[in-house]
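Features of the protein shown, as given by TrEMBL:
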- LYS488: active site, proton acceptor (ACT_SITE)
- TYR714: active site, proton acceptor (ACT_SITE)
- ARG586, MET763: substrate binding site (BINDING)
- 693-817: domain 'Alanine racemase C-terminal' (DOMAIN)
- LYS488: N6-(pyridoxal phosphate)lysine (MOD_RES)
Amino acid sequence: MVHAEYTVGSVANIIGAKAIMMNDGPLTTLLTDSRRISNAPEALFFALSNRRDGHQFITDVYKAGVRTFVVSKRPNEVLTDANYLIVPDVLQALQALAAHHRRQFDLRVVGITGSNGKTIVKEWLYQLLMPDQNIVRSPKSYNSQIGVPLSVWNIKPVNDVALFEAGISAIGEMRRLEAVIQPEIGVLTHLGAAHDEGFTDREQKLNEKMLLFKDSKLLVGQYEELLSYKDRNTSTKFFCWSRRYDQADLYVIGEDTKKKDLYLRAIYHQQEIECHIPFTDQASVENAITCWSTLLALGYQPEVISERMERLTPVSMRLELKNGVNDCSIIDDSYNSDIQSLEIALNFLKQQNQHPIKTLILSDIYQSGLDEDELYRRVAAMLTDVGLNKFIGVGEALKRHSDLVLIDNKYFYNDTSELLSDIQRLNFRDETILLKGARSFEFERISRALVQKAHETVMEINLNALVNNLNFYRSKLAPGVKVMAMVKAFSYGSGTFEIANLLQYHKVDYLAVAYIDEGVALRTAGITLPIMVLNPEPNAFDKLVNYNLEPEVYSFHLFDELSQYLQDNDIINYPVHLKIDTGMHRLGFEAGEIAELCKLLVQNASFKVRSVFSHLVSSDSSVHDDFTLTQILKFEQAFKQIQEAIGYEFIKHINNTSGITRWGVAHYDMVRLGIGLYGVDAAVTDPAALQPIASLKTSISQIKNIKAGETVGYNRNGSLAKDGRIATVRIGYADGYLRAFGNGVGSMLVKGKLVRTVGNIAMDMCMLDVTGVDAKEGDEVIVFNDQQGIEELAKQIGTIPYEILTNISQRVKRVYFYE
Ligand SMILES: *Cc1c(COP(=O)(O)O)cnc(C)c1O
């Protein structure tokens, strides 16, 4: 086995690049995201062009210390000391480098694909093989054209086994991933209907997926799914499982639930074998059987497997951001700990600006493939990169390397119990705390001690979905068109700094809030983006100025008041945004007032016009397209008139969410993205384009059997036609579940079934008809999610999604997660 050492020159050779080389230094780290730089001096940055052209970030990456770049265009300006490796296709170069790296090792590489369950199966195989193998695996669900090469790059000489997942969404992609992974052993997880868009049918999808295994020696999967393939392929050894066919290698004959466990029985080599797993849901059971088959195929003894399967633990791929005690925010990532997922989590920590102190609680890291010294040296360097203020190390290895951590405020403990007994002294207050620990350290105990107890109704916000939605709209804009993200009304009910931090990190250009206090709250939480205030109140002008917020000016009255205030305080050139009324008749200067406005602007030095804008009344509806067009024309006239009068440039904008896709001609310099960010847009017909970001969940407090005709709730409004069961759930109109949903108008999901409300909605609770549903006290109840969306709720009570979202009261805890 060769230990691969790479330098600028050797990499240039491997990827066949034309090189502009200033030095031949060592390269150890691959980077593809300009916002995530680590180990800069030994890093190689790939200027990939996916949504945005990576070449445009080279200067930023250079400033962060990176000196070597793989590019597809000759640079206009050659930066001092920089090495450029010029290739025709940057992504292909990344893949070629990873494929080369892979070929340097002859460890057992397991390639995992399928429509669902890839990440779970990978993580469980890791848990099952860890006691006697040194394993390298894909971090999180790194399974894409970029994620796979980055995963494969992590192979080290000490590894015995590699577990890599491969995910595809179009024809042609698997061939490329196969060349990078080169799996000796293939595992096919469940082949469901997920991600069908890129394929004409199931057969085509299966064939494409099977390309991953074209040179594999052994293939594991479900008998029914591999059947057609097996006949065609004689050189590969198969290990199949089935519940129906006794010719399968593992023929599953029994599945009995015992409390929270499942007892599995199967025939293997003509003998009955068994195992217990701590899960009962169908998806987990199938994934567990896949893992069981894989270990048998690898030659493990049934008794050994059974003992390990019993200890499988849930796989949480998400980082959760929650409210903690003493004004802290807790980022909970206490299920796994390896250097790549640490990097992802630290990066998320870095985005958080709401508290002055950033804290990391970290356990020892296992199986990194690096020697201890090197490992903790790297970890220490990562901490410096994110600007950490406080470090708490748990575990003996970290303690041994405590001097590597260059942060004054540092503490070390041998184990979690020792930390917990010292938690008073650690005095957590106004901090963002990242919890990152290997499973055996049981950091969930720390999480329980630090996270605020929530009333059991929570709104979960999916931050990945938000980023997806932002990128969807960005893809509709010409280069250079700015995005103003509307975060008024608590980001349409979704949160304040949590959302703004993310938007700032993803480099939107502007934020907009409704009132000055909303802007102050964002500034206090560390948001530095420009912020426009739609409806500035004169009694808070001092805060407007102190917090550097930019007002909308919509009337002569406001113009006078604000300019008087600015003059009194000797302020000139204060940035303002002029609102033109082109038909909404809400706020704004009308056509007949523009001349007068221009005159005042020219005489008055208080203001600097930052932008001129208007608002469409019906951008989503074709019925009103003619009217929209008149609005656009009026707007053009107005801004031209102002431009001419004041003689300098400003930003022009008119489109809200629905206008972005429908009125491309009117993007001007900026668009104002509101509800689309939160996953709702009537003008977007492709259901896969936008993702709902919020789900609202509550739980059952009590279940009662009710006789036909008995009444339920206030004023005896509800009753059941037949004898049945009702469940009382912990949400009422004070939480934002309006009274209009009562008496069967609204429905919620219990155990996957839609059930209707019974009787009036009360302040803090309401009742559901759960007759015939296998529900029990404590069960989760979904008010809305991606199955029953907010559009559906809005329809039920005759309102619009905006109102549903913004009604959810502040009493309902928000939990943010990031996958
Ligand atoms: C709220 C608001 C928007 C955003 O509208 P969406 O339909 O949510 O995209 C845009 N501009 C102004 C002036 C607004 O008040």
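Backbone N, Cα and C atoms are what each Cβ position is placed from, and that goes for glycine too.
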Specify the count of other C-beta atoms within 10 Å of the C-beta of LYS488 (active site, proton acceptor). 19
Long-range Cβ environment of TYR714 (active site, proton acceptor), under 8 Å and at least 6 residues apart: GLY759, ASN760, ALA762
How many whole Å apart are the CA atoms of ARG586 (substrate binding site) and LYS488 (active site, proton acceptor)? 17
Going by C-beta under 8 A and a gap of 6 or more residues, the same-chain neighbours of MET763 (substrate binding site) are GLY732, TYR733, ALA734
What are the DSSP helix, strand and coil residue counts for the domain 'Alanine racemase C-terminal' (693-817)? 23 helix, 47 strand, 55 coil
Count of other CB atoms lying within 10 Å of the CB belonging to ARG586 (substrate binding site): 10
